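Visitor: Please find one structure pasted underneath; my questions will follow.
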Amino acid sequence: SDIPDVPPPTDSTPEILKRALSGLSARWKNWWIRGILSLAMISGFFLIIYLGSFMLMLLVLSIQVKCYHEIITIGYRVYHSYDLPWFRSLSWYFLLCVNYFFYGETVADYFATFVQRREQLQFLIRYHRFISFALYLTGFCMFVLSLVKKHYRLQFYMFAWTHVTLLITVTQSHLVIQNLFEGMIWFLVPISSVICNDITAYIFGFFFGRTPLIKLSPKKTWEGFIGGFFSTVVFGFIFSYFLAQHQYFVCPVEYNSETNRFVTECEPSELFQMKKYSVPPLLQAVLGWETVNMYPFQMHSFALSTFASLIGPFGGFFASGFKRAFKIKDFADTIPGHGGIMDRFDCQYLMATFVHVYITSFIRGPNPSKLLKQLLILQPEQQLSVYKTLKSHLVEKGILQPSLRG
Amino acid sequence: MPPKTPGDVSHVFTPVYQPEYFLLLPLWCRSRVVESESENKLDGETASDSESKSEFGGSSPVPTSDDTPEVLNRALSNLSSRWKNWWVRGILTLAMITFFFIIIYLGPMVLMTIVMCVQIKCFHEIITIGYNVYHSYDLPWFRTLSWYFLLCVNYFFYGETVTDYFFTLVQREEPLRILSKYHRFISFALYLTGFCMFVLSLVKKHYRLQFYMFGWTHVTLLIVVTQSHLIIHNLFEGMIWFIVPISCVICNDIMAYMFGFFFGRTPLIKLSPKKTWEGFIGGFFSTVLFGLLLSYVMSGYRCFTCPVEFNNDTNSFTVDCEPSELFQLQEYNIPVVLQSVVGWKTVRMYPFQIHSIALSTFASLIGPFGGFFASGFKRAFKIKDFANTIPGHGGIMDRFDCQYLMATFVNVYIASFIRGPNPSKLIQQFLTLRPDQQLHIFNTLKAHLVDRGILGSLEDA
């Protein structure tokens, strides 16, 4: 009884494309539309990369808002909740609160020098958690006050739906931005690996596909899965090789307070300096080389591509299951031929979290500027004792000469 | 109204609380100043107050399944069923409060274990409701997956806390060190395994149900598990940060009920028709007063005010320190407005009591929203109580619904206004940085200290 009607497919293809392809049959027309849009999206991606980190951040934020909107709209449709009092405002309010909380945490870290100069920002940063919590509580209390006798269950469903959606989309998008600040390469290689896996798995499946992979997605095949895995790994290697050579991609994004812009300039870390690796005897016979010059990052790209090919698709299966559960064909009709933004990004979620966890576990330690900020908040006597501990540690390691002013 | 003296039930239910218990030195509390008089009096008041309040205990209808222990049934068999309910509810209230005192006496470790058990029971109750609502008894794998996710999230959170507080212990043992170094990765891998199992367990007929239960599990985890870990964080900050908030919420519940019973006239909110504005406001003022008194008594004892630390040599928890400024008596000038009312010019108070006003205010004004949320939830899913664990009261969740927001609030409050970051944790993070980063931070810190005059000029202090 609560199964919604499948909305009639709305055709959002631009007029210009329709006229250009009017001569072809419907089947080829669909393929052309899908292909052209793929190309358009990839070009758009390159353009934004060219425009820099700030544009990328804006892009990630817009995608997050659109994904959130799409999922909430589905929730509305499923529960026929168009006229629940307050609920649209509350959903957007919660999105705002959670974004405020997350951006405040990241912005405060990376823009430390910018923030130190302005008094009002200092106050906001110091009590950031409290302010975010107060904002969230306001939303929570408004929700409780908005409970209406007839609609209790619906309202609780939508509350939970909102929160799960926030958990999925907003945390992922912030992890993506954290990865971005680590270095554009940590943003580009994972996303490209997932896209490559999508495309090559489709191609391999198209040409060689025979054994179905999972009941959830009948179009996926084992041949596509395995072929996609190998091609993605190779692609990852080659792509990281090219990106690792440019400072623009490799350096952490920093905010330069003098020029008020983002800069990516640094001494490339060890990860991005060529090293000689001995090829294992097994591969020596195959490849014919004894040693190979590689960037250490390429080993990491191997891990990233493997995850993108083997576990990434589970995000896609999850989304397929979700669509079947709620009997919808696509999340939305934003992109002609492809569906909604969520349809394109369903495999990316797990990837973003994985890359973030990978970086914090294996690549870098804590963020120095965040550490500094916390040190400066301590009480003076705590600062003094920390100072003494650090000094003795540095002297012990020989990093600091005891007699010099250091 | 039948006359009531404590002796009525003493032959079946001997109160565990005896004055002399509090003269003994609790095992976990090393150097405790014995100020028997005031503490006993206050606790005596609390216990007997609740005892007398129990006569006016809640008048909820009989729960469908009667969990009341046989012994109580026999003792109360001669009373009418209405009074029997009140008695059952009152006795259980007393039992719970006594139990609270006992576990406080037993120390932080036991408290942590109790918090953990309460969390698991709450999770179980909510998941069971989900099952009942969706008739999901036979969804493949789902019970296992819910418990598995609970385990994963607990592992993640406990790993983060444990690593902070047990730093030296962890560094010593090799397997623990590796587990803590790659903790995030391991937790994420465990969670992913659960996620993939969920995807693989999707069955054609049950897609929607399975997604509902997945969502239900995650929201429950978000509510129950994060709160319980924030409570444990608060506990480690000092037992007083655990006891005062929880007591304020309990006091607010009881006092709002009392005021509502005697003076209640104007309904407060449609969700809970029994609540009244008189109860709300009366509860607010009593809770603030109670908070002030309780903090005054507790601030005198080091076992409550000191952060809980793990002593590596004795491998046990110690609560021993120099009390911070918050817990040292100070003279405050009374604002002129109150001077005429109270008659004093200055008053000696602990700074912590000012904070307790904030905590009590939150407990009385915002805490009830947690209760309204739970009431709305119960009406939405047409259930009377979360479970039948506690006779007369319902499930564990029914008792703890106002506590959730409180735990998060206290944690955010502490992090924002009381303490800064943990210095030893900062040092630990510092040691993992690269040398050039370490040097940069060191120099910046030095410049900062010199700037503030904390470090004398360019000489080493």
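Counting starts with 1 at the first residue shown.
Note that Cβ sites are derived from N, Cα and C of the backbone, with glycine treated the same way.
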Visitor: Between B:105-122, B:141-158, I'd like to know which one TrEMBL lists as transmembrane segment.
Guide: B:141-158
Visitor: Okay, the transmembrane segment (B:276-298) and the transmembrane segment (B:210-232): do they have at least three CB pairs under 8 Å, pairs separated by 6 or more?
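Guide: Stretch pair does not touch.
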Visitor: With the transmembrane segment (B:185-203) as the reference, which stretch in B:141-158, B:238-264, B:276-298 has the largest tally of C-beta pairs below 8 Å?
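Guide: If we count Cβ pairs closer than 8 Å to the transmembrane segment (B:185-203), B:141-158 scores highest.
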Visitor: Near the transmembrane segment (B:352-374), which same-chain residues lie under 8 Å Cβ to Cβ, leaving out any that are not at least 6 residues past its ends?
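Guide: Apart from its flanks, the transmembrane segment (B:352-374) reaches 240, 244-245, 248-249, 251-252, 256, 269, 271-272, 275, 280, 283-284, 287-288, 290-292, 294-296, 299, 305, 326-327, 386, 397-398, 401-406, 409-410, 413, 417-418.
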